[in-house]
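Notes to accompany the following structure.
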Amino acid sequence: MKRYWLVFTQNISQVSTYRFHILLSLFQNLVQPAILLVVLFLIKPSGEITFAQLLPYYLLVALISPLTISNIDEELDELTASGDINNFLIKPFSLTKWLYAKALSEKLTMLLLLCLPLGLAFVYNHLNLFQIALVMLIIVLSFSLSFFLSFFIGISCFWIEDFWAIHNVKYVVISFLGGLILPYPFFSQVWQDILKFTPFPYLVNFPIKYIQGQVSPESIVITLIWLVVLIIWSELFLRKAISKYSYVAA
């Protein structure tokens with residue numbers, strides 16, 4: 001466990017050195033919600049949700065998505081394409097744990113940069129210290145779910161040469177079904193009922209709903225179930241992938 005803690009602390013130091021890159025990433029996360037807000041303002045949404053409700057929602061999307069959404073599939077593809085993944089085949093080192101510790105340290109650095117706007121969001125929504133602690137726990141759960149979903153998808157790079165296409169499809173699906181593009185009230189009730197049994201609502205929408213006081217206890221249960229399922233699937237498919245990779249390399 002000590003070796004993964006070392007990866008975690010070293011990566012925090014490394015990421016902190018490139019603060020401009022992190023700030024640029026955060027700015028990019030603001031662009032999409034801002035554009036969507038302008039579009040929805042122009043078409044004047046009606047029905048269950050109003051523009052006054054959309055504004056805080058998209059602001060929370062811009063704050064929460066950098067903390068929960070993982071693109072570890074891209075890094076896994078780079079490790080495989082460059083051959084650096086061989087380091088994990090010859091050393092007693094868990095690829096999954098190493099990547100998780102590395103990704104978690106990056107999210108912690110982002111959290112430190114977002115402390116002020118997040119704090120304002122907590123005050124605006126009248127959260128007490130206990131509720132804030134639960135928000136942090138839910139963010140960790142959502143990040144972990146996103147990480148293992150992305151990791152599971154990324155394992156396909158061992159079989160698929162042009163993985164960029166898979167990554168782009170993943171991005172579009174998560175953006176749409178995860179509530180990053182449109183809040184769930186824009187979906188029909190039938191689709192909302194179906195989606196709540198998939199992992200997508202628990203990647204970004206779950207923490208947002210809790211901050212806004214709309215979360216149900218079953219959301220935590222479904223998140224945990226999907227997290228366990230994806231961890232098991234990831235480990236099983238990773239073993240098959242590494243076996244194939246080792247055979248081809250030999």
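Placed from the backbone N, Cα and C atoms, the Cβ positions cover glycine too.
Remember, TrEMBL labels are computer predictions, not curated facts.
Because the structure is a prediction, the values reported are computed rather than measured.
What TrEMBL annotates here:
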- 20-43: transmembrane segment (TRANSMEM)
- 49-69: transmembrane segment (TRANSMEM)
- 108-127: transmembrane segment (TRANSMEM)
- 133-159: transmembrane segment (TRANSMEM)
- 171-191: transmembrane segment (TRANSMEM)
- 219-238: transmembrane segment (TRANSMEM)
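Tallying C-beta pairs under 8 angstroms between the transmembrane segment (171-191) and each of 49-69, 108-127, 219-238 places 49-69 first. The highest tally of CB pairs under 8 A with the transmembrane segment (133-159), across 49-69, 108-127, 219-238, is held by 219-238.
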